[in-house]
Amino acid sequence: MSHALPIAAIATAPGRGGIGVVRVSGPRLDAYIRALLGRDLTPRHAHYLPFLAEDGERIDEGIAIYFQGPHSYTGEDVLELQGHGGPAVLKRLLARCLEAGRSLGMRLAEPGEFTRRAFLNDRMDLAQAEAVADLIEASSEAAARGAMASLSGEFSQRINDLSGRIVHLRMLVEATLDFPEEEIDFLEKYQARPTLDGLRQDLDTLIAQARQGIILREGLHVVLAGQPNVGKSSLLNALAGDDIAIVTPIAGTTRDKVVQEIFIDGVPLHIVDTAGLRETEDTVESIGIARTWKEIERADLILHLQDATAPGDILDVDITARLPARTPVLAVFNKIDLLTSTAQLAENSIGISAKQGLGLEELRARLLQMAGWNPGAESPWLARERHLHALQAARDHLDIAAEHASHDDRVLDLFAEELRLSHESLSSITGKFTSDDLLGEIFSSFCIGK
């Protein structure tokens, strides 16, 4: 168990609410609780009592619960005071908790410090700790379910299973190296090659699932780009199901970006409506157009809206030529309801009517397809970019190990080293091999009371 100094913080969100919670964590809080509340508390029981200032003035009244370590969130002794959720009351209650713990060196908790202590005290691994933040930040039911799956250990179990198999394979290599006089090829005897192939296949599956988990967690930055009056704002409103952006027949109405988050099959998409792209003498509109190009540069996907009644417009050709080659682009021809005959759209484009709602379901499906979302392979857990990088690194090291294993004159010490590096990459996901700098970066993104 950790022997760090005790910490305290308000654990509920800022603002007014029916209930507010102040949380304290530290080693051996029995005497502290007695001094703060004037009585002992039975662990894991709710006690209704007054919360008093040092001079006996009643600050509030509510429920006190004592969780004795190591059977607590942080693995240390934890005290939670549940009172009324007014900011002034909670600030006074927190100040009283810190005052009562002054002799113990109690201080205000840093962001994420309660969860960091839970990690350091082996109450959860690093992937589970990240899932706590993801659950708090989840903006859809699908994301919340994925975060809960990670928090319950489903992702970590997959990592630990792969790690265990790599360690076993490495043990066979070391045995072959350490006992050459036995004339036993442990790698051949225990079918090391099929084991290695199976590991690579399972890692491929895990990498694909991680990509799905990243999309579910982070969503995509989708920019609507095109000339003025091609229907970008109308499309934003149609996708959002609300009048988010102003729509008029006047060219140049949108002069700054408008961002709206929508969900398609639980996947968050951050749709950005932008100023129409054209040559203009208007200073304000020019600023908006410059911002549009900046948004285009940072987009995950670009919807290039064009007027279906004027295909092949020279300005659309110029815009297409300027769009970044590294970013997926979908040409969307709007106003198909105004066409008098069946028009032949450009290959790999889509026709819609934002005003009439035509083609929007196909557009939603194409957005998910271009994002790489596969509903049939939905990740049961959320993932982060660092998880994907670690999984890919582990896979790369196994590929190199396979090359060493395939040679007649196998270089077993290099084979063993690649297995070690693969195992280390996987272990960085759960925090068994993780730098202090990375831990600081992860936990600093938490709210203070968590």
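Just so it is clear, glycine is given a Cβ too, placed from its N, Cα and C backbone atoms.
Here is what Swiss-Prot says about this protein:
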BINDING   Arg23, Glu80, Arg123, Lys450  (6S)-5-formyl-5,6,7,8-tetrahydrofolate binding site
DOMAIN    219-372  domain 'TrmE-type G'
BINDING   229-234, 248-254, 273-276  GTP binding site
BINDING   Asn229, Thr248, Ile250, Thr253  K(+) binding site
BINDING   Ser233, Thr254  Mg(2+) binding site
Alpha-carbon distance [Ser233 (Mg(2+) binding site); Arg123 ((6S)-5-formyl-5,6,7,8-tetrahydrofolate binding site)] in Å: 49
The domain 'TrmE-type G' (219-372) [mean pLDDT, rounded to integer]: 85
Cβ packing number for Asn229 (GTP binding site), 10 Å threshold: 21
Most crowded position, judged by CB atoms within 10 A, among Arg23, Arg123 as binding-site residues: Arg23
Alpha-carbon spacing, Ala275 (GTP binding site) to Ser233 (Mg(2+) binding site), which is rounded to whole Å: 9
Between Asn229 (GTP binding site) and Arg23 ((6S)-5-formyl-5,6,7,8-tetrahydrofolate binding site), the C-alpha gap once rounded to whole angstrom: 54
Collapsed DSSP category at Lys232 (GTP binding site): helix
Inter-residue Cα distance where the pair is Ser233 (Mg(2+) binding site) and Arg23 ((6S)-5-formyl-5,6,7,8-tetrahydrofolate binding site), in Å: 46
Per-residue Cβ crowding (10 Å cut-off), top of binding-site residues Glu80, Lys232, Ser233, Ala275: Lys232
